[in-house]
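**Student:** Can you read through this structure? Questions will come right after.
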Amino acid sequence: GGGGGGGGHMRTRRAALLPLTLLLPAAVVTAAALVAAAPAPADSQESMTSWTADVQLINAFLVFFLQIGFVSLETGYSRAKNVKNILLKNIVNVLLCTLCWWSVGYAIATGNSAHGFMGGTAQGSLFFVQDIVMGNKSWLFTFTFALATTSVVSGCLAERTNLMTYPLVAILMTMWIHPVVAFWVWHPDSWLYGVSQCKFLDFAGGTVVHVIGGTAGLVGAWLCGPRLGRFEEGRAKAMPGHNVSQVAIGTIFMWFGWFGFNCGSVYSTPSGMEHTLIGSGQTADRIALCMCLSGAGGGLTCLLVTSVLAGTFDVCLMCNGILAGLVAATSTCGLVPPWAALVAGVVAGAGYLGMSRSMLYFQIDDPLDSASIHLGAGALGTLLNGFFAKPEYVEMFQGQPTACGGVAFTTERGGLQIGMQLLGMVVCLAWSATFSLALLLPLKLTGRLRVDQTTELAGIDNVEHGGPAYPEFSIVCSPDGQEA
């Protein structure tokens, strides 16, 4: 009787907390709407920069909210015996990325050019930042991009890597791999920015965040090898996660945070042309529309294709398709018209399914399909700018008149634009792959990349984190390593 009463009180407390949980995102959205709706201050550059900074900060808060989605997705896709490990490494990721971006990463990504290769020279104050000199590159906004890039890698390495592996990845990604690529793609004095009159187009990080993170994750998943029991006699064996509801909720949380990613990038263009975008709610609204269309196209494509092939409606694959569409939109949403955004989402959803099946064919185990979602859809979105980028949107993004854009709108330089998209994507991908391999291969050769077999079978939580995340349940492993 007493136990039942305690359970009733617990349920009552949880029910009381539910409205507060729902009010948090609502409050953030309301604040963002109020700021966006407010009239721009007087026509001075100083006041405009201040107004832009306020909008960027609110969008940075939204991007940071992506971390809730990342944690929810990864724990949902993982088995119950590894939940504490997933939670720990994702929170440690935030801690380490904060220190690394403050001390080094921000300066490399946004500082004065050092021969077009990286930032930092002549702006030593950007290292170990003390005073923020607000231009169009907020410390917090750029930090959330670096944090998201590192979080992408986590899913690929889930459930079998040594506890120290991921912190090392986070440090390298935040201090070197991501900031250098961010400088190449978005700094007006970088070597890539000066290659051609037609610039490499990546509106909000399809390559800088998703391709880079997905590439590092793919390298890690390949070197780690599959989880025990994932492949038997050359065939993939299902290893479903323990909580599908967390997968679905995490997807919606990520969609919510993604609005900060893409709409916030309106106020952080490479050219710094805030005056062409300030108060342009119509531009931000178009970007949000394109993003939603891409997500819808990707999700519906995966749902319908898998229902035809498998005869069932798979909610997890639908959620992955939504994420693939949103990843593609990260490159394209500010540069293409709405109909092209829908096409990009459909292509990204189909591309995700194709890459996911290819990974299984080559027996590369990616528990969350992170590489297929982020690398696959990110690469496709980047390339689709060469086909569907509208010249007038490109001009707004670059801040100078050009005849560049996708081949669907211009025959004069459409081929050159496709070439630039290929060049930029391949160079950035190779950069990430090279340094990821340089870090992870020595760990593999010295036996420090992966946990031992006993730890993997028992669950990392039980061996390294003091016990299971759900102590009410007892998980017993059979001799072949499968949960019974």
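Sequential numbering from 1, following the chain as shown.
Cβ from N, Cα, C; glycine included.
Below are the features listed in TrEMBL for this protein:
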- 16-37: transmembrane segment (TRANSMEM)
- 57-75: transmembrane segment (TRANSMEM)
- 57-470: domain 'Ammonium transporter AmtB-like' (DOMAIN)
- 87-109: transmembrane segment (TRANSMEM)
- 139-158: transmembrane segment (TRANSMEM)
- 165-187: transmembrane segment (TRANSMEM)
- 207-225: transmembrane segment (TRANSMEM)
- 246-267: transmembrane segment (TRANSMEM)
- 287-310: transmembrane segment (TRANSMEM)
- 322-353: transmembrane segment (TRANSMEM)
- 418-441: transmembrane segment (TRANSMEM)
**Student:** Select the range from 87-109, 165-187, 246-267, 322-353 that forms the most Cβ-Cβ pairs under 8 Å with the transmembrane segment (418-441).
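**Tutor:** By the under-8 Å Cβ criterion, the transmembrane segment (418-441) pairs most with 165-187.
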**Student:** Check the domain 'Ammonium transporter AmtB-like' (57-470) for me and report the mean pLDDT.
**Tutor:** 92
**Student:** Any chance the transmembrane segment (322-353) and the transmembrane segment (246-267) are in contact, meaning at least three CB pairs closer than 8 A with a sequence separation of 6+?
**Tutor:** yes
